[in-house]
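Everything below concerns the one structure shown next.
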Amino acid sequence: MSAVLPSSASLYDRVRRVIPPIEWSVFVEDIDAILNLKRQRNAVILAHNYQTPEIFHCVADIVGDSLALARKAMTVDAEIIVLAGVHFMAETAKLLNPDKTVLIPDLGAGCSLAESITAEDVRLMRQRYPSVPVVTYVNTSAAVKAESDICCTSGNALAVVKSLGAPRVIMLPDEYLAKNIAAQTKVEIIAWKGRCEVHERFTAADIRELREAHPGISVLAHPECPPEVVAEADFAGSTAAMSDYVARHRPARVVLMTECSMSDNVAVEHPEVDFVRPCNLCPHMKRITLANIRTALEENRHVVTIDPHVAERARWAVERMLFV
């Protein structure tokens, strides 16, 4: 991957709307160091949409939702990939790049969904529902993916379910994503009990209050939100779909019912749009910082490894998804 990296000084013009000067003065040393380290080490940084603007807009080479990062990870030709996101994303990057070094800056960057289910849980579901295909959300460990028939993201879940041509499908582990997909298809969806700790806190009452306070506001919801929230929203979709919606429709005022940094990152691209922010922070995503990205590149921390037997089966489930 080749690119001319701008200086950190010019980068501030891009993010000044969401990063005050006093904060920028704290970030700039790490940003300069990271830009230099990437060149020296032939490294790229993949950043999820929930990363803070100083990471997303200033040091990342590839950005996007889980599906976009999975697709783009396959095209990376650098020797080192730093995943600015949570652990399952780093594992997915490693699955798709087994011969590259994949680093995650903080091993504690987990996910409530990934922690809600184990490989043994999937095996028990298979015993309970024999011959029913298992669709596993990418927000899971490699061990869980290895027990699955195919993976999905919030951006392609409906297409994945339809691609199986089955009357019944097990969909793990996000209960609300499964219910929201079930509302769009005649396929019977058997759900698990996992929930995203960020999205489960949004309520339909939140939306009604927003509409009362901001008449005419456009409400966009993530499909990990409860079904009643999705029903109240003007649009529901993945973070990439939300970003595309804002770019296409240019609403005067909008609220994104998702993680806080998403609004900041989209606002950088659309200064003409007024973003209302009743968001929820993801404590796991916020464990990734400029400081630990810099340390990851300086000290080669933390290298992602996956058991080869698990990796082979998990890779198949992820790659099958990418061909849908």
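Even glycines carry a Cβ here, placed using N, Cα and C.
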Checklist line | Residue from C111, C151 that Swiss-Prot also lists as binding [4Fe-4S] cluster with C196, C282 | finding: C111
Item checked: S66, Y137, V138, N139, S154, H222, P223, E224, T239 bind iminosuccinate per Swiss-Prot; candidate in H48, H87, H249 listed for that same site -> H48
Check: How many neighbouring Cβ atoms, not counting its own, are there within 10 Å of the Cβ of H48 (iminosuccinate binding site)?
Finding: 27
Checklist line | Secondary structure at H48 (iminosuccinate binding site), reduced by DSSP to three states | finding: strand
Next item on the list: Among H48, Y137, N139, H222, E224, these being the binding-site residues, pick the one whose CA is nearest to that of C111 ([4Fe-4S] cluster binding site).
Entry: N139
Next item on the list: With an 8 Å cut-off on Cβ-Cβ distance and a minimum sequence separation of at least 6, pull the same-chain contacts of C282 ([4Fe-4S] cluster binding site), or say none.
Entry: Y50, E197, V198, E259
Next item on the list: With iminosuccinate as the bound species and H48, S66, Y137, V138, N139, S154, H222, P223, E224, T239 as its recorded binding residues, calculate the greatest Cα-Cα distance and give it in Å as a whole number.
Entry: 17
